[in-house]
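Annotated features in TrEMBL:
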type     : residues : note
DOMAIN   : 45-297   : domain 'G-protein coupled receptors family 1 profile'
TRANSMEM : 29-52    : transmembrane segment
TRANSMEM : 64-86    : transmembrane segment
TRANSMEM : 106-124  : transmembrane segment
TRANSMEM : 144-167  : transmembrane segment
TRANSMEM : 201-225  : transmembrane segment
TRANSMEM : 277-299  : transmembrane segment
Amino acid sequence: MLGLPYNHTTEAPATFILVGIPGLQSSHLWLAVSLSIMYTTALLANTLIVTIIWMDSTLQEPMYCFLCVLAAVDMVMASSVVPNMVSIFSSGDNTISFNACFTQMYLVHAATAVESGLLLAMAFDRYVAICKPLHYKRILTPRVMLGISVTITIRATVFMTPLSWMVSHLPFCGSNMVLHSYCEHIAVAKLACADPRPSSLYSLIVSSIIVGSDVAFIAASYILILQAVFSLSSKNAQLKALSTCGSHVGVMALYYLPGMASIYVPWLGKDIMPVHIQVLLADLYLIIPPTLNPIIYGLRIKQIRNRTWSLLMHCLFKHSNLGS
């Protein structure tokens, strides 16, 4: 592969070499700058969301708790791949150790599974708040919230641990060059000497179950929400609710569509989509949602926006007073 000699040894390679985005090497520096800006924005915005919700005792409703967990997961998901990508794109430092590669693989897949579950939980929260407002506190009790969070975590662990185990125990005896910018499991499994189809099939089935069920329930929640919204007599209330729902659906589309492309396109053949587009989509769906989620889900909420403004003003005035 890529002109490297084939090595007939079954020992696992000490390192893998991440190519980056095949065919777009000339754009790597521009991509490094863009990813750095988005990653910095994601870290700052999500840290701000977590800090505000954690410090403010009035923001302890289920919606804010789910948002806090989502912000933390977003930081884990982005941090597991973006610093490594920036290093590859900017300096050409594209080696990753065997253990680090499979740790990254597990973190990426577990975090994406948790994020999908959280998006479903947040859609359910909005459904209860809008369609059953009088029963909101009775339905979403702290015990129910804890159960939802634990279930989401267990689901990600149970489904994704076997995938990383299956790929990490494949025999690697050829090229160690991964045609990707992070240790995406299909790109790594293709380097194995054994048949990678069992792990790839497992990934396809599990991903289809998780994404398919979550998207179906999210769609059902928002259909019921829209039905409730259109029954409102106030046009302003309808427009406000539609604006909120539209922004939420937009973020979910940016998360699920590239993810679904990375799941199904490799099974449909290379002719469906060029490799560099596949890799680029897989990269973007790990950084765009963490960048946009705190803006769409957080700063659009009036309470969080007000607390953010108060915190920033406090920090600015405190800094100016210290300076004088």
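Just so you know, glycine gets a Cβ as well, placed from its N, Cα and C.
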Contact between the transmembrane segment (201-225) and the transmembrane segment (106-124) (3 or more Cβ pairs under 8 Å, separation 6+): yes
So, taking each listed stretch (29-52, 144-167, 277-299) in turn and counting its Cβ pairs to the transmembrane segment (106-124) that are under 8 angstroms, which one gives the highest count? 144-167
Intrachain residues whose Cβ lies under 8 Å of the transmembrane segment (144-167), provided they are six or more past its termini: 62, 65-66, 69, 102, 105-106, 109-111, 113-114, 117-118, 121, 185, 188-189, 192, 196, 198-199, 202-203, 206, 209-210
